[in-house]
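Per TrEMBL, the feature L-glutamine binding site maps to ASP74. If you look up TrEMBL, you'll see LEU207, VAL243, SER317, GLY318 marked as ATP binding site. Annotated domain 'Glutamine amidotransferase type-2' per TrEMBL: 1-161, in sequence order. Taken from TrEMBL, the feature site 'Important for beta-aspartyl-AMP intermediate formation' applies to GLU319.
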Amino acid sequence: MGRLKHRGPDWSGLYQHGDCFLAHQRLAIIDPASGDQPLFNEDKSVVVTVNGEIYNHEQLRKKLSHHKFRTGSDCDVIAHLYEEYGEDFVDMLDGIFSFVLLDTRDKSFIVARDAIGVTSLYIGWGLDGSVWISSELKGLNDDCEHFESFPPGHLYSSKSGGFRRWYNPPWFSEAIPSVPYDPLVLRRAFENAVIKRLMTDVPFGVLLSGGLDSSLVASITARYLAGTKAAKQWGTQLHSFCVGLEGSPDLKAAREVADYLGTVHHEFHFTVQDGIDAIEDVIYHIETYDVTTIRASTPMFLMSRKIKSLGVKMVISGEGSDEIFGGYLYFHKAPNKDEFHRETCRKIKALHQYDCLRANKATSAWGLEARVPFLDKEFINVAMSIDPEAKMIKRDEGRIEKWVLRRAFDDEERPYLPKHILYRQKEQFSDGVGYSWIDGLKAHAARHVTDKMMLNASYIFPHNTPTTKEAYYYRMIFERFFPQNSARLTVPGGASVACSTAKAVEWDAAWKNNLDPSGRAALGVHVSAYDAESPLSNVPSKVIDSIPRMIEVHEVAIQG
């Protein structure tokens, strides 16, 4: 339990039944006074330990009115739902969660993880036949012979000894949808997703980078906060938080949005050296060697510490939008709507390995909880049912990335955001905090990884062999903390440009020579794309020569 104490500093709970143990470190968000875990049913025959938030717990309690609840915790419904419905209740939960439920009557247990994998979860097996479950790798990597990431949207049952997928939405098959785009339907669905996440008994705020996604989250929260229980407890003044290097794009844009919305804005600065000094701690907590994730996790990790020091325990964030709407700049090159839609499906399915992992662990490292309304189950169903033709990027029609989302909140009578913020170009978080952040990371790695080391990389790291000095540097640190083969297998690999999947790299032949996860690697799309003097000087000159023309077209699209 000591290895995971950072995740829940408010309470430590331990339960034993024979050779079954449930341990929990609690971060109290709902019912801090009485919601300590483990949680039980009436006669304590069913025991639950859970990480997460069940947003529809009040509706579920009404269905379970003949049950007696011991606490006001939103997670208290889980044991009672199991009594009523057996293992088939998980899809009734609207929220984010990872839980273990033990039925002491037959010593059976089930484990489940939320639909998209917003909460982190791992499963491992010991040589003695034991099964281990933990929110983080470090909770089981020294004790298990094999361990792996617990798949999102799945349930593990000790009775069957295997996994089954409980989350089966229409979009999962990747069939092309055909529902006409209705901006008001999309708007209402997202507003509902944000409003339900205002359920809290502790101080909270919003993460605000000044980009479209976080700005919409902040705008909706500010608009609807006054009528909530949270406002009665903590007031109607919304707090917003931003991090960046001095003079970074995000700081400037976030300040403008905060002024527009009237939030109490907290701006945190860090230097490249601050970030570099934190890299080892970041890799230890985030548990990955993926370059994109580490780049973005570091400023979020530094910001989370500052936020927690102010007494805030929960933040609402904008992860998931780019995957749902094709917001990454490489989507400009999608060849047709079918490929566009399938790539969004692939991206959503992989979120638990990237942005969800970052958002959950970078905040949990300091006892802070992140909520992500774009990954609301109902909202995803609405957004992923839209005919992808409406999501396609068409510069000649003035449709930039995430046009359907921007259009849904383009309200002339009651504006949600200033126009130029509503139509601001996508900045990946690791870019938006300041372009010199990534350049500084690359320079630091180059001082610690030699050309000779790179020549032998395939022998030292045969799985997911690092192809850059930056990747090699992160991998060395990761392997020091997590040397087991199972650990390295939990991290995804493959070619990527500007956060694409390996499949989407095929969309543009020039990208094969420019495999960098930064948004600036989307040559001909990003207005601050890498140039010939950058570390990507191996890009063919004919591609570089085309950048000014493509920038001009993109700027016209924004103005349009």
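Glycine is no exception: its Cβ is also placed from the backbone N, Cα and C atoms.
For SER317 (ATP binding site), other Cβ atoms within 10 Å of its Cβ number 25. If you take the Cα of VAL243 (ATP binding site) and the Cα of ASP74 (L-glutamine binding site), they are about 31 angstrom apart, rounded to a whole number.
For the domain 'Glutamine amidotransferase type-2' (1-161), the mean pLDDT of the prediction comes to 91. Most Cβ neighbours within 10 Å among the binding-site residues ASP74, VAL243, GLY318: this distinction goes to VAL243. When the record's ATP-binding residues LEU207, VAL243, SER317, GLY318 are compared pairwise by CA position, the greatest distance found is 14 Å.
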